[in-house]
Amino acid sequence: MANNTTSALHPRGSGQRCVYDTVLRFGDPDARRRGFQLDEVSHNKLCDIFDSGPLHFAFGDLKVMKVAGGVVTPHKTVVKTVYVSGVQEGNDYVTFAFTPGPNEWREVDPRIDKRTALVGVLVQEHKKLDSDLKESRRELSQLKLEHSLLRHDYERLVREKPGPAMRTFKFSAVIFYAFFLGFLLMSAVKGEVYGRCLDSELNLNGNPEVCLHWEEVKSFSLQVALADFWNMTLDYYATVAPQSPLMDLALGYFPYFANWHMAAFLVGTAHVVAAERPLYMLVTLVLATLSRFQLVALAAVPMLDMPSSIGLWVTMVLFAIDQAFAILASVLISVLLLILCLAMNDVDYGALLRGCVTLVSATVFSHLVSFLHAPGWFTIIAILIYRIPKVLSYVSAERVDIKGPDGKIKETQNANPSWITKMSGLKNFFQRAFRQKVRTGVNPTTRIIPNSLVVIDAKDGRGTGFRVRNYLVTAGHVVGADTTVRVRWADVTSFAHVVYRVPNKDIVLLTLPAEYNSLHSYKLAKEVVDGTVVVVSNGDGGALSVGISEGVIVGESMTYAINTADGMSGSPLTTTDGRLIGVHQQNTGFTGGAVIFRDTDFPQPKKPQREADLEAKVAELEKALAAYTQSATGEDIVGLVRVAIQREMEVLRKELSNEFGQAKGKTKHKRRIMAAARSGGKRKPGKVWTEEEYKKLLEEGFTRDQLREMAEAAREADDDFDDYEEEKNEVDYPVWSDHDSDEEIDRDWFGQNLPTWSSAWSDFEPELDPDVTKTLPCHLEDKFSLKHYIITEADLKHFGQEMKEYMDHLDAVIKTHTEKGKWCPNTNTEEILKDLNAMWFKLNHTMWKNGVAPFMQRKKQKPKNGKRAPKGAQ
């Protein structure tokens, strides 16, 4: 029999049992044994139906058509057969029953067995992952082989690669460069001498016909004056300075640095050697030499765009012919360019306007230089006077941000290039070695969930989505009016339908495709508060883009400053621990905003009308029943009696107080003090924070000792406030309340006689607080100030001087040693608190000694706003 149960189940058609089915053996053992026996005579085998996974065997009834004498009758016969259930490939749960007659397994309505379904799905998933793993390994092996071959080819090509070849120059560039050099030499050897004629024979116009005798003069008086000053300076230096051949050589060649021909030669040669298209600069240098623009043209080049550069070329050609007409032509060309280029955007049009102004200014300045015969150094000084103030702001800056027309920063350049340090690889060495930063706070860590975002493709654009519960959430403007959008997660693409649009919010909920069941689901934040927020979106190349900023709540939105990008709409806005706050919406290039997503924004299930009517009826009946059962139980009656007795006792005590002027009796606060004395002065402290608040404070950076001090200070503030709340309703007599024990009743009614006045007054003698070192700086005024007590004229008459000295000392301590509710650095807090406590005790003891109730025995006045200081304040 054992041999008959080894029929094929895994792999398909192999004749081997699946190991999971062999071990688990779900179902009826007898049905399992009978099923394998029937499988031997069946035309289709179980191994062909179920490729893997456990099977569930069970007996069941099956209705088959009755066949008599080869004729099918309309009556059905119920036979007992075997049902086999399992999970097929594709995670489909099916059930097959053995049908006698045809002797085959036929599919019937599934009979669900949870264990078989769960294990079967896991087996199918394991099989799929195992297949994917094998395929990935094959691909990895193939890629490694291809990489090895490519590496071999690369090494071979590197060995065969020739060395760096000398750069080849274009023939046109070489010819034009030679022409440029010849033009420079021709212009340099041109001799022009200015002089004054000495002949006395004049023609009819008053000018000499032929000048045989003349003397050289210089038309620029400033040049003569500066030359004389320079020569005098050199002569004086030569007489007092030590002789240096290098100094003489430098001073001899210094004038050549202000020569145009030398500057043009250096600039032209540099462009021919290094520039890809040197002809543009060579043309500019030739025209500048021809027209005598010279250094003015070279200084104007950085501020010219393409239209104004062409205008400069035309103007220089005209300047060589007629300077006055060239000035007029520069103005006309500038006006024409400004009119023809009105269709440009603001940025390009601004650059054109700057180029036109530079063109006209360069033409006018060149005319003045030519008219005055100014030397080259004069032009250089004038250009430096213009350029240096313009770039002073750039020189003092550490970096320069280059922005585009949309306001976004396109590029950031370092204003301190430090080329030698950069090329030496020593960047920021000394800063890293010697600069130490002081930690000013604790930066929170951020929890980022990888592979948790999907890409939403709609007709109106593209955005980001994420999963919350069994929905995909994104921004409403991403989906637009579409009802179906395409969703892409990693390499899986599917379609999702719009399920719900949140009213008054730009949020849309989509269906979750079956392929995305393993997508991580975000959890909602427990509370939405101002603080650090995190925006996670899909970046370029499939990487995650994470932005961290400080968020501020504005209504049902949260705004924050972050550098957003296109396609971020619909991204999740989370807390630092990954809890969802809202859905990212806005994109202005710098600021961002999100709509807060709450639990109430999910679609609420609609209740059937019958259920709603029943709930309303039940509520109505409960309301009516409450009226009938009012004060029907013994507890209710006892409560009513207690309230009535309490009311009568209050009236009686008020009457006794008004009639006899009896002083205050024992208050609840006094009773609590007496109880504490009987119990040894120990009082079990109550909890100030919940466990969740305590952990949150620890995460924010507070130590356990600091939290302990904060808790004790908060308990002291609670005790003071409770005393005020208990005493504020007393009218010359304490409010009646039940006694806590029989011992307290015996002590109040049958105790010892009342003490004498002297012994009673001695009981109220102030005591020095032994430990005040735990008092926080923000509680100094509340603990030691006299502003919270009622001070009578008699108090001022007898103790005014002591009170003034005490308050002046307290104000001086608060102003000198505290700042914004915190101790100032290097402050000896223990000595200050002991000093204040000693002065407080001295003042109260003086009042008690003179028969006046000290402030320790008086109650504080309630603050105007009726609120206490927050717990745990520092």
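Using N, Cα and C of the backbone, Cβ positions are placed for all residues, glycine too.
Listed ranges 815-834, 855-874; the one Swiss-Prot annotates as region 'Disordered' is 855-874. Feature annotation (Swiss-Prot): of 249-269, 480-500, the stretch labelled transmembrane segment is 249-269. When the ranges 279-299, 300-320 are checked against Swiss-Prot, the one recorded as transmembrane segment is 279-299. DSSP assigns H477 (active site, charge relay system) to a helical segment in the three-state reduction.
Separating the Cα atoms of H477 (active site, charge relay system) and D506 (active site, charge relay system) is a whole-number distance of 7 Å. Less than 8 angstroms from the CB of Y694 (O-(5'-phospho-RNA)-tyrosine) sit L707, each of them six or more residues away in the same chain.
Secondary structure from DSSP puts D506 (active site, charge relay system) in coil. Fewest Cβ neighbours within 10 Å among the active-site residues H477, D506, S569: that distinction goes to H477.
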